[in-house]
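Feature annotation from Swiss-Prot assigns Mg(2+) 1 binding site to E178, D222. Here Swiss-Prot flags D222, D224 as Mg(2+) 2 binding site. Look at Swiss-Prot and you will find 279-303 tagged as region 'Disordered'. As annotated by Swiss-Prot, compositional bias 'Low complexity' applies to 292-303.
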Amino acid sequence: MGALTIVAKYMIVAQIEVNGSVDKSDIIGALFSQTEGLLGKDMDLRELQMMGRIGRIEVDIFEKNGKTKAKIYIPSNLDRYETALVAALVESIERVGPYPASVKVIEIRDLREEKRKKIIEKAKELVKLIEEEILPDTKEIIERLKEDVAKAEVVEYGPERLPAGPDVDKSDAIIIVEGRADVVNLVKHGYRNVIALEGISRGVPQTIIDLSKKKNVTVFIDGDKGGELVLKELLKVAHVDYIARAPPGKEVEQLTAKEIAKALRNKISLEEWLAQQKASGERAEAPPQPAQQPQQEQPAPQRPIQAPFDLEKKIEEMLGTLEAEIYDQNWTLVKRLPVRELPDFLATSGDSIYAIILDGITTQRIVDLAAKKGVKVIITARTGPLTKVPEDMSIYTFEQLKKTE
């Protein structure tokens with residue numbers, strides 16, 4: 001069993017049987033894709049993982065006679081009712097890739113049992129202490145507890161000693177906020193994978209830049225002009241996946257638990273944010289290349305793409321849709337989907353992919369995922385900062401193709 005990624009209350013242990021040969025990523029992909037939306041956004045596995053309410057899903061897999069069996073481990077920081085719902089949700093999986101599958105929850109372990117025993121023993125000692133010692137003032141105790149909890153929960157992260165929640169390293173996704181007060185508020189309401197910029201007057205901390213390269217990043221900004229300025233500075237040097245915003249006129253540190261949850265549920269992708277900026281009449285530019293990494297320029301197309309349809313008409317059809325189309329080697333349409341779902345599709349799909357046309361921004365993350373799938377052609381509205389493009393992959397912008405028609 002793999003290491004836990006959160007301080008969990010429960011461990012869901014399930015067994016899956018697949019009538020075919022699959023790997024771990026196929027099983028995990030099926031868990032996310034087939035349960036999405038079944039119980040609403042509050043119980044969506046991706047949302048729960050982003051908030052640190054469930055941990056990294058681990059799979060122990062073994063194959064025999066062309067069939068695959070595996071054990072699935074899901075650490076949960078939810079209450080027992082919500083944990084039971086997640087377990088039942090997992091049992092709803094019916095396929096992995098093209099193969100029929102069945103899932104059975106074996107057990108739900110209470111990981112806090114040992115801790116309870118220790119607490120009871122300690123409580124017995126403290127009862128004796130209370131009887132023997134004069135109790136201090138109640139208000140003083142409460143103030144001490146508040147101070148100790150605050151100090152224990154918010155840690156200093158990286159060489160810049162940035163304020164952060166305790167689960168930044170453990171979680172696959174992080175929430176970036178502006179200041180320490182924002183971190184304290186989010187940690188207080190259960191979001192432990194949060195870290196602060198601590199202002200941008202001296203530039204974006206290198207720790208934030210490094211974290212953005214290896215984790216899924218949501219930037220949570222204040223609902224004022226200052227929040228937008230912070231975001232634009234961050235986009236110059238860091239990779240951002242999603243943007244969440246406090247209600248107009250409010251700061252993140254002022255939000256209630258309900259307001260925080262709503263803002264994070266309503267987060268949008270970077271591509272959607274740029275499209276909104278453009279639609280509202282603001283000049284929205286793609287994030288420029290970080291200074292420490294020279295940007296690789298895309299050459300203009302040297303030869304026309306041999307597609308069996310009019311590319312210029314296709315581009316006109318795609319403009320404004322914020323969607324992507326996936327094609328195989330014969331330029332047969334495999335799938336059409338929102339651009340925000342493209343990274344997950346590339347990471348989990350078993351389809352053969354030759355070309356992608358998308359009304360959005362092609363980021364380095366999309367290029368990396370596409371390269372793993374053997375994609376040869378990407379036609380995109382715009383490109384973000386690209387530092388590494390495979391030699392056998394061609395990337396064309398809509399403008400480039402219009403010029404060559």
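Sequential numbering from 1, following the chain as shown.
The backbone N, Cα and C atoms fix where each Cβ goes, and this holds for glycine too.
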* Number of Cβ atoms other than its own within 10 Å, given for D222 (Mg(2+) 1 binding site) -> 26
* **E178 (Mg(2+) 1 binding site) to D224 (Mg(2+) 2 binding site) - Cα separation in whole Å** => 13
* To do: Could you tell me which of these binding-site residues, E178, D224, has the fewest other Cβ atoms within 10 Å of its Cβ?
  => D224
